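As recorded in Swiss-Prot:
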TRANSMEM  26-46  transmembrane segment
TRANSMEM  72-92  transmembrane segment
TRANSMEM  100-120  transmembrane segment
TRANSMEM  153-173  transmembrane segment
REGION    205-222  region 'Required for NEDD4 interaction'
Amino acid sequence: MKMVAPWTRFYSHSCCLCCHVRTGTILLGIWYLIINAVVLLILLSALADPDQYHFSGSELGGEFEFMDDANMCIAIAISLLMILICAMATYGAYKQHAAWIIPFFCYQIFDFALNTLVAITVLVYPNSIQEYIRQLPPSFPYRDDIMSVNPTCLVLVILLFIGIILTFKGYLISCVWSCYRYINGRNSSDVLVYVTSNDTTVLLPPYDDATAVTGTAKEPPPPYVSA
């Protein structure tokens, strides 16, 4: 049997700030819940009062609306779906239901894949950054300063920033996956112990019955006769 040190077992299920992966997943789910709830409140207030968040074409540097009603409804539906997924992950980690964490884990994989595609696009088409910056409205903060930066340096800075984000997101994915494996393994070990205890109870007879049967089956030894 392989012996595992207590500190090794602890750090194998620990994440940032030395907390358990289950605790980290709960905190991550709550954090995503707060963010999506704030976004939902902003979208609902914008839907209730469109003039407050309305931007004209001159302000945006183009002939298009900032967000119409159809896009607003789609964004609200996505926010509601994200709140449901985050709530499922938080509840699943708290109540130790591994299946409830899967939707949140799939969302993390999808988000990581999108950011990876953005990094690949920046790397393959570096001129697309300059084109995107030119399409920004003139009132955008630091637009002229960003345009004056060397394109190669700008690409390197953006790639470094995206790389840091991808590293952090990958770490969060590993934490959630470790929490899923921990809950799955714990539930499996509980079932295994339960089945083993029942088998032991059924297979082993009571001690009194075993000694009684053994005592009746044994015959006394023959008497000793001296030569």
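A Cβ is built for glycine as well, from the same backbone N, Cα and C atoms used for every other residue.
When Cβ-Cβ distances below 8 Å are used as the criterion, the transmembrane segment (100-120) is approached by residues 25, 29, 32, 82, 85-86, 88-89, 91-93, 159, 162-163, 165-166, 169-170, 172-173, 176-177, 179-180, 183 of the same chain, each at least six residues removed from its ends. Same-chain residues lying 6+ beyond the ends of the transmembrane segment (26-46) with a Cβ under 8 Å from its Cβ atoms: 19, 52-53, 67, 72, 75-76, 79-80, 82-83, 86-87, 89-90, 93-94, 104, 172, 175-176. In the predicted model, residues of the region 'Required for NEDD4 interaction' (205-222) average a pLDDT of 61.
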